[in-house]
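Enquirer: Have a look at this one.
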Amino acid sequence: MSLDDKLNALLKQSQQRAWATLGSEEVSHLTQAFRPTQSADTRSKAYLVLSAACQHVRETVAPSKGNGLNELDPATEALVKLFAPPIRDRFGETNNDELITAVTFFTALFQVDWQSAAVIFLEDNVFESLADITDLNPSKELAGETARLLAQASAHKSCRERIISSELRGWLEKSTSAVALIKLSRGTAEDAKGPAATDPGPSSSSSNLILSGEDSSATTNAIKETLSKDAAFLSRLFNLIPRPKKNQAYPVSSATNTPQVYGIAVIISNICSYRPRLSQDQEQIAKLRQMANNPSTSGLKSTTPVTDPLDDDPHVKERCRRMVNAGVGDVLSGMVRITDGKGVYVNVAKTILGLVEDKENRGKLLQSGCSRALVTVIRSFLPPTTTPVNQVEEPVLVAIQALAKFAITASPFHVFGPDQGTTFDAIRPFSILLLHPSSSLLQQFEALMALTNLSSASPEACSRIFKSEGLMNKVEFMLLDDNPLVQRASTELICNLIAGSEEVFDRYGGQEETASSKSKLQILVALSDVEDTNTRLAASGALATVTSSPNACKALFSLQMERHRVLPILAQLIDPTSEDDSTIPDPASVAGLLHRGVAISKKAGKKVTPAAKKSGGGNNKVAKADWKEGFKKKQVGVSDMTLLTTITNEAVNENLSQRWKNGEIYTYIGGVLISVNPFRDLGIYTDDVLSRYKGKNRLEVPPHVFSIAESAYYNMNAYHENQCVIISGESGAGKTEAAKRIMQYIAAVSGGKDSSIQEIKDMVLATNPLLESFGCAKTLRNNNSSRHGKYLEIMFNDHGEPIGAQITNYLLEKGRVVGQVENERNFHIFYQFTKAASNEQRETFGIQGPEAYAYTSLSNCLDVPGIDDVKDFEETRRAMQIVGLAQHEQTEVLRMLAVILWLGNIQFSEDDSGNSVVSDTNVTDFVGYLMEVDPAVVQKTMTTKIVETQRGGKRGSIYDVPLNPAQAVSGRDALSKAIYNNLFEWIVSKVNVSMKSRGAVAQLIGILDIFGFEIFEDNSFEQLCINYVNEKLQQIFIELTLKTEQEEYVREKIKWSPIKYFNNKVVCELIEERRPPGIFAALNDACATAHADPSAADNSFIQRTAILSSNPHFESRGSQFLVKHYAGDVMYKVAGMTDKNKDTLIKDLLDLVGGSGNAFLQELFPDRPDPNSKKRPPTQGDKIKASAGALVENLMRAQPSYIRTIKPNQNRSASEFDDKAVLHQIKYLGLQENIRVRRAGFAYRNTFEKMVERFYLLSPNTSYAGEYTWHGDPKSGCEKILTDTGISKDEWQMGVTKAFIKNPETLFALETMRDRYWHNMAARIQRAWRNYMRYKNDCARRIQRFWKANKENIEYARIRDYGHQLLGGRKERRRFSLLGHRRFMGDYLGADFKNPLGQELKSIAGISEKVSFSGRIQLLVSKLGRSSKPSPRYLLLTGTAIYILVTTAKDGRSVTSLERKIPLVTIKAVSMSNLRDDWMVLHCNISEEGDPVFSTTFKTELTTCLMQLTRGSANVQITPSIEYHKKRDKKTAIKFQKDETIPRNDLYKSHVVHVPSGEPPDSVSRPVPRKKGGVAKPVSKGKLLRAGGPSKPTGASRPKPAAQPLPGKTGISIPVKPSVTPKSTTKPTPTSTTRQPPPPPSRAPVPPPPPPLEPDVELYKAKFDFDGQEGEMSLTKDDIVELVEKTDNGWWLVKKDGNEGWTPNNYLVLVPPKPKATPAPPPPPPPPTQRRVPALPQTTTTTPAVKPPPVKSLVADSNAKPVSVFPGMGPSNGSAMPWKKTHTQQDSTDNSPNSSRPNSSLANKPPPPLATKPKPGPPPIASKPNVSGGNGGPPKIPGKPPIPTTQRPTGASRPAPKPAGRNPPALGGQLDLAAALAKRAQRGPDA
């Protein structure tokens, strides 16, 4: 019969009252009917049967008449006898189902007959079993049923007291059982108040809600609806909780009624609770159970439960909204503030979780502080960080899930506040929610989404998420989940972590390629091809980020070679041409796309025809997103102006304006970079930005100056050609800044760990602040304007590492030293020095503030916004040290600056005769002190000049001619300018000496930073020179980008449309030509013919310019002339031009310098002009023309890159864009023509030979296994390569000698395909090696795993065996103690493992040392007038004492205290019985407490620990009975009896322990059970092995064609190590098999054979140590080896100690052969014999044939490192390691690079010639001339005079400077320092 049938029969008997007392079988059936798995009908029948049975017993058993207080009535006793045995039996089982059966039946008995249930509950065995259930970490179902049982028991006083005094109270608090805790608290309060006290509840409805507890279904939904609509009730209910105040700290402790708060929390939780949601599996199981339980024979039909319509989701959602509107958020926050009860916290968390199910409620709840309340709840529940995740209490998961919903909806700032620490603290709870074994799939999904939002907050958050223990492994495991939402969430989190955390980036292949990173990349690639769009976007974004590392790129290519699916997937991501655009969704409609920052863009161009649908139907696949879109910032306008729709100057101006206003200052015109000065810091030059451009071509990243630097560096390495970057533009457009950024980038990416290389880098970077200080100044247009030009050449070795540098400077504006216009400044160094000089320098050089000097103060501009002169001076001094200026040299430099400053303060006044006199001689005295000359000589030189007359070529008289004030000022200024100019030249020469090349120069990169085009109101000779140089640069630009381009197209017969442009060559010829004479030639002629009078020379120049009037670009206008430059018309003033062109110093000033005692000053003027020389010294115009010519020559030798800078306004404003000014610059820069040429032209061209040499690997018709095999001419081979690679014919044309490629994208594609070839070759070798390493590591891991597992088991077994030895076979054993997996763990309460209970007990006992053992015991307690009774206690054992703690009830609360402390030294013995019981006695010193007697399950383990700690000082006694001291003078004995009626454990009663039989005393522990053996993974099925192996050939291989030499080469041979061929040991076979008879014995004795000759072999000795690999011979220096075979590829086969191997021939040296001894004469021949001796077999000496020379071919080196230029997969350092080749007999003309991005030049070619440097090193110091007056000795220099205290000069004694750069004319010029230094260096040091 089924259970239902039996219940139906019992129910029928009860209704008919035809039954007797239930039997044991019937009771057994009844207990099973209450299990939760039974149907509701079955449980209802069982309740009826149980109720009828109890009622029947109560009615039939007569009550006792003389019952005492402690006696049971007969009916209760009868019911106990009936129902107690099945409960006890099932509690003794360990099966979870049996325990649930006992607990549910027990609960039902409490509901039906509480008197008998309470008696059974108070039995020791039953109560202890319940305690054991709670200790053994029960299942969720068993824990819930146990909580319900305790809730029923808590309603009765006797049971309530027992629960409070035990550990069950603590378990209830941790499990947050609402019903039990409420009943306990209210019952305890009722007990304290007494029977008269009353405690009215809130209302009947609310009482019903409270008593319903956690089971929300126990409350009718009608009550919930009524209460939620009752605003008055909610108001009264909410007013019981204090409302929170804003900004109040959490938590706020206050005295409150915690039970009342708990009850209110339960009411709100029940109102807001949703119906439990079942998973699909749970729903299916419920259906199956319903089908199985459907009765077929019973009259009671099973009906499907009808769901209450008020309990559906819409109704609950509406109830929640009403609660939120009523202010429940403030109430919940207030509950957390006023109490710390765990039950309150749990219900608050459950309520908030129900409320946030509706997204509309989340905003209001956030405003109410619910998120902060959840943080408080979570903190109260979370254990220490060292606690394992599976030990975290489940109730906290509800709070974490609610907080996760907030974190998904709102930003971290709104959820956690501005404190980042709170945000970081939330990472651990979300990790626990994800990792907890009890978490549902929904909770894991929400945890992933919350972590994703947190990871987007900051890189620090990403790093902390990565460091969470076990989190990354879980997330990566969930990438493979079947649920698409979980898969999407985990992929998005991984994408964020890769982008934000360096550790995760390295984990996915960013640092090194490992098997783990490779498998992770494989998963990302697979996820990039799934159906879900969001998952695909996130995975592709992660791939795009990680492929910036070359290691990840190598791993992807390795996967491609194994799986052959990587590149198709990536190609589909980049260009989804196979999908219909119509299927691409709108980005706004795709959830998560905006959140991820990745948008889908429709593919422009021709629409692709959609593929036919599959037979199964379904929607077309959504087009995949281009992952590059997620990288790039949304751009305004076009980044490359060749894409402009309309090509006009206005369209260019509009595009630049839009981009500039959007913060995008860089724009391309093909390969030319246009830069618009932003006049603000955009933060685009950081190391992070720089790293994005390493190894990237310009199409992969937005326009930037770093991209130009990367292209120049890459082209230098790849094509072995010098590079230069030409930066042009007007003053203030940002040329100097661009040059600095290029140097910054090259220094960062050029590699090299050598100290000398780093020193060169530091020097190159240090030249920026040094030359800016001495060569830049504040002008009206630019605060840091370069007032000189410089060309920096950085020299590189063949590895692409900088080994030297050289600077060439041009045309320093020395006139600025002596005068500036209003609101401009002198050079920066003067203000830095005067503001930041040290006290010692101020004392030595008399330095004061800049306001004290005429040269720095008359322009009324001492400070500049944004410039810190004090800080800049520190950088300048540091730069001086870096570039190698010694300390004394730095001091002399500062002395010269002081000389110049004090020279400017020499003021002149006019005497009566009109001559000049020094106004303050103190100034001249101090100048003399600084210059180390006689002050009188200084004063005389400043006010007079020496004139020498000549007659007939002979010297005449010498006169001292006085100077007027104007002439004196001119002479003073001329000396100042000469000193500063020569000082600047000297600094540049010293810098060049320090940066001299440290090795052979392979290539160089030049950076030109020169003054921009200048147009002022008054333009003079300086502006003419500056604009002339800019004309020359414009000419280069035209020659290389426009004119040469078009001429080459015509010459090569390329089809294209010519473009008209303006060629400024006519303007350059106007200025520089000699015949017909140009402007410079006219100036020179004027200076030569009218050199005495400057005004006469100017007039002569005006007359000579008349012949230039025929030039259309020149106009003469009286004292002015106009030149039509490419940048605009400029009007120049003639006045003073000829004087500036002379540029010489008068003899008096040179004599003043020559008479100085300062060696440094004389070094600045090394040579003086010969007054008797008839040769005209070079003018300033000659010098600038020669410098410009040399500059053009250097630039033409290099491949140029262009940066055209534009100044957006004249006010240095960051918000003003002057369209008119910018449009003018666009016109004269020729940007429109440049765009037209670029759109009509070809981006790349090269000769056919070079193209074939570079790309012959890409076609199977031109290469085989790395060898060139084409038999045709180079042109046909080139065409074949381009055809086989699938490049469209529109993308290339074949010229006469060159191939032309239209777009750079095509060239990049060719380079990428070339890289793939090398990856393919390398992958074949790597595959075998990785398979071997995988097998090797797998074996090692298996061995380690086996050892670790057994190592731990051995230690536990050793301790357990020691415990068995203590018992010595004297005591019966329990069955469970002999199990194989039983381990002596010791600390069962977790006192040392941060368990809350263990930590609390340890704190109460005051223990600070390690706890060796802890557990629960039953201590035998004596009571007055009653027998002893076991009582629960806690026992803790340390190295010094035993602690016994007790928990008692006090004022309704559980209080734990220390009951007894027993020092170990007082323990004499330990007694146990010989039976299987758990009792033991500790015999201590005699005391009032007596000896402790207690029962513990872990008695053997406790005894073992006790013996170890006491070192065996206590005895272990095993006796049938135990005698102990009950008190000091009272002994008592405990007897032990076998009683088989005891079902479980033992039973103590009246000093007798009844115990069943146990295992024999000599029993031993079972062996440790072995784990289930796994199946070893066979090596033959590894992922890296191809199916079939070498034994299954795939087919006939392609025949190997003959190798051919590359075009233009005789052959290239790479050393290839030949394989060792074993020599044959087979003896020669005779030609006949017929045996000849042996010869007869000879009569004469046969002479002995001659000694064997030494073999004629060559011996070699090792010159160096050589560490050989497999197949190679390792050598130690001086080893002697025998040569076996020579080859011509650099490797020889040698033999040593009988072993053969290969070794490099350049490691060996021939050992001279030993002289051979003279051979002995042969013995006499034997006497003749008549017998015929058989002929010996002939030995044929085989002479090796001479091998023909091997065919020289290009073979790839397998040791080289593959490199990728695939978009987004470039190397991180801007270049790549080349495929190394060992060159032997290589043609010197081989310039072919062997890698798309190599680091070094591989071709064996001489370095390119360098331009002649105009600046030699510093010459030796010349001897001092004698100027003392004729005594032959040095002048007498007086001591240091007092520092002059003159007031600020007013400038009245000197003419005011003219605006717009117009400077007062100098009386003389100066000698060019570079020419003088060169001349002196040629004469040598002895000159």
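Heads up, the Cβ atoms here are built off N, Cα and C, so glycines get one too.
According to TrEMBL:
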REGION    190-213  region 'Disordered'
COMPBIAS  199-213  compositional bias 'Low complexity'
COMPBIAS  292-302  compositional bias 'Polar residues'
REGION    292-314  region 'Disordered'
DOMAIN    636-1315  domain 'Myosin motor'
BINDING   G729, E730, S731, G732, A733, G734, K735, T736  ATP binding site
REGION    1163-1183  region 'Disordered'
REGION    1188-1210  region 'Actin-binding'
DOMAIN    1373-1561  domain 'TH1'
REGION    1545-1658  region 'Disordered'
COMPBIAS  1615-1635  compositional bias 'Low complexity'
COMPBIAS  1636-1654  compositional bias 'Pro residues'
DOMAIN    1655-1713  domain 'SH3'
REGION    1697-1869  region 'Disordered'
COMPBIAS  1712-1729  compositional bias 'Pro residues'
COMPBIAS  1733-1745  compositional bias 'Low complexity'
COMPBIAS  1791-1804  compositional bias 'Low complexity'
COMPBIAS  1805-1822  compositional bias 'Pro residues'
COMPBIAS  1835-1844  compositional bias 'Pro residues'
Enquirer: Using the Cβ center of G729, E730, S731, G732, A733, G734, K735, T736 as the ATP site position, which other residues in that chain lie within 8 Å, going by their Cβ?
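Expert: In sequence order, the nearby non-listed residues are N677, N782, S785, G1012, T1205, K1207.
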Enquirer: Got a sec? Which of these binding-site residues, E730, S731, has the most Cβ atoms within 10 Å?
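Expert: Selected residue: E730.
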Enquirer: Please work out the helix, strand and coil residue numbers for the domain 'SH3' (1655-1713) from the DSSP assignment.
Expert: 3 helix, 28 strand, 28 coil
Enquirer: Around G732 (ATP binding site), how many other CB atoms lie within 10 A of its CB?
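Expert: There are 24 of them.
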Enquirer: Note the mean pLDDT of the domain 'TH1' (1373-1561), expressed as a whole number.
Expert: 88
Enquirer: For the region 'Actin-binding' (1188-1210), DSSP counts of helix, strand and coil?
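Expert: Secondary-structure composition of the region 'Actin-binding' (1188-1210): 9 helix, 8 strand, 6 coil.
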Enquirer: When a 10 Å sphere is centred on the Cβ of T736 (ATP binding site), how many other Cβ atoms does it contain?
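Expert: Other Cβ atoms within 10 Å of T736 (ATP binding site): 25.
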Enquirer: May I ask which residues of the same chain, at least 6 positions away in sequence, place their Cβ under 8 angstroms from the Cβ of G729 (ATP binding site)?
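Expert: When sequence neighbours closer than 6 are ignored, G729 (ATP binding site) has S675, K735, G1012, F1013, R1204, T1205, I1206, K1207, Q1225, L1229 within Cβ distance under 8 Å.
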Enquirer: Are there any residues in the same chain, six or more apart in sequence, whose C-beta is under 8 angstroms from the C-beta of G734 (ATP binding site), and if so which?
Expert: S675, N677, T1205, K1207
